[in-house]
Amino acid sequence: EEAVFLRKKITLVRAFSLLIGSMVGSGIFISPKGVLKNSGSVGFSLMVWFACGLLSMFGALCYAELGTRITKSGGHYIYILETLGPLPSFLFLWAEFFAIRPANSAVVSLAFGRYMLEPFFAPCAAPVPAVKLVSLLGYYMVLTLNSWSVTWSARLQTALSVIKLLALALIIVPGMMLLAQGHTENFQDAFNRQSLVLDKLPLAFYAGMFAYSGWFQTSFVREELVRPERNIPLAVIVSVITVVVGYMLTNVSYYTVLGTQDVLASPAVAVSFVQRAFKSLISVVPVLVALSCFGTMNGGIFTFSRTLFVASREGQWPPLFSMIHIRKHTPLPAVMLMFPLVTAMVCIGDIYHLMNFFSFSRWLFIGLATLGLIVHRHRHPELRSPFKVPLFIPVSFTIICLFTVAMSFYSDPVNISIGCTMVLSGFPVYYLIIHRQMSSRCRSLFYYLTHKLQLLLEVVQQEIKTY
């Protein structure tokens, strides 16, 4: 009885919550170990955290300008498509679907399961099968919610963003109190150069940037934002500054309470911190951290489903995934598609190997997207964007991203080679399926299956263009 399309339901507060909820997740509670391990010392690890925050701000500003120049949803995918062309955008979509997004979701899900079970098994480690089972249950709950309602997904994200900031506050406050009392022994010889290995620094940056990742989330839902020209830059700047300050204070608190060996030995740094700082909250903080990871899972599903939705609309993904449920007004097929791959990666994966595996592909394509901003400016000098950043920001961000990607081949050649192979495997797929036309018999069979699935899922094409 009414038009079927994605409504503009994301206000400034919800956009801010989406960014905070996506950035403050498992990263700050598991990445300190990876950053410290690959940077070598407390001082250099803090420098890496600040540099990652500054780099995230540069990238967020570039994406804010892209979001005001290009009015479609889809994030990295649509920016690469509109600026660099269909082949690199399809390679991103291929790598994102088969490697980046399922690995990222698996990392966050495993962190959720680990922290959720930690209070029940402390001081022992939780059994790995139990962690994976709880991880999958949490992921399936978020998947169901995103299939059910856009409004409730956004409301949950707002509530969990408050919980995330509370979890950070419970770590920052006691650490700052101990530091004010003169407990600075863990910062002695903070910049020990003997333990610094330069070829490991890209992996330290990957771990740090994983913790900050999420600053680009509003670009995926651009068409559902209220007043995007104003709200995208505002939400991006405020949220990234909030997270950078929070992360720096959190890491200082970690190192004030825990020594370097404690951080490196801990499977869950936040839990070790609470055990050492104040045991009365030993069962509270892990649950808050788990809820924080839950919010990151929610934000990831919410945004990536829009990438598949837009790619399908642009003709680079099966048309079923650009359809919307007739009553719920959610992109149901796109939301459900990640279910099998994430399940497989949670069952077989390890957090730190998964992190290096997907980081190569992610930062390669983010660098290409900001390169596309430079190209778009050159091609369309007449276009007046309501938000524009100085040219040195996209140039420096692009160079740093591509340089870090190149250096990572020396740091972790096995996982990076797997990620590179995954990207390159999209070439024959593009030329055989996207570039060439299917035969009439294949096309008929394809549309027959699509029609049957459409009836089963009760979904139809969007009836109103929102871009």
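Cβ coordinates are placed from backbone N, Cα and C, and glycine is handled just like the others.
Noted in TrEMBL for the protein shown:
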- 12-30: transmembrane segment (TRANSMEM)
- 42-64: transmembrane segment (TRANSMEM)
- 76-100: transmembrane segment (TRANSMEM)
- 120-142: transmembrane segment (TRANSMEM)
- 162-183: transmembrane segment (TRANSMEM)
- 203-221: transmembrane segment (TRANSMEM)
- 233-257: transmembrane segment (TRANSMEM)
- 277-297: transmembrane segment (TRANSMEM)
- 332-354: transmembrane segment (TRANSMEM)
- 360-377: transmembrane segment (TRANSMEM)
- 389-410: transmembrane segment (TRANSMEM)
- 416-434: transmembrane segment (TRANSMEM)
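Simply put, out of 12-30, 120-142, 162-183, 203-221, 416-434, 203-221 has the most Cβ pairs sitting under 8 Å from the transmembrane segment (42-64). Tertiary proximity for the transmembrane segment (203-221) is limited to same-chain residues at least six positions away from its ends with a CB under 8 Å from its CB atoms, namely 10, 15, 18-19, 21-23, 25, 27-28, 31, 33-35, 37-39, 45, 48-49, 51-53, 55-57, 59-60, 63, 66-67, 73-76, 79, 104, 107, 228, 231-232, 235-236, 239-240, 243-244, 247, 296, 299, 302-304, 306-307, 355-356, 359-360, 362-363, 366, 404, 408, 411-412. Through the fold, the transmembrane segment (120-142) approaches residues 105-106, 109-110, 112-114, 267, 271, 275, 282, 290, 293-294, 297-298, 301, 339, 342-343, 346-347 of its own chain, all at least 6 residues removed from its boundaries and within a Cβ separation under 8 Å.
With pairs at least 6 apart in sequence, the transmembrane segment (162-183) and the transmembrane segment (233-257) have 3 or more Cβ pairs within the 8 Å limit; the two touch. By the count of Cβ pairs under 8 Å, the stretch nearest in packing to the transmembrane segment (360-377) among 12-30, 76-100, 162-183 is 76-100. Remote same-chain partners of the transmembrane segment (76-100), defined as residues 6 or more beyond its termini with a Cβ less than 8 Å from a stretch Cβ, comprise 63, 66, 70, 216, 219, 304, 307-308, 310-311, 314, 316-317, 337-338, 341, 357-358, 361-362, 365-366, 368-369, 371-373, 375-376, 419, 422-423, 425-427, 429-430, 434.
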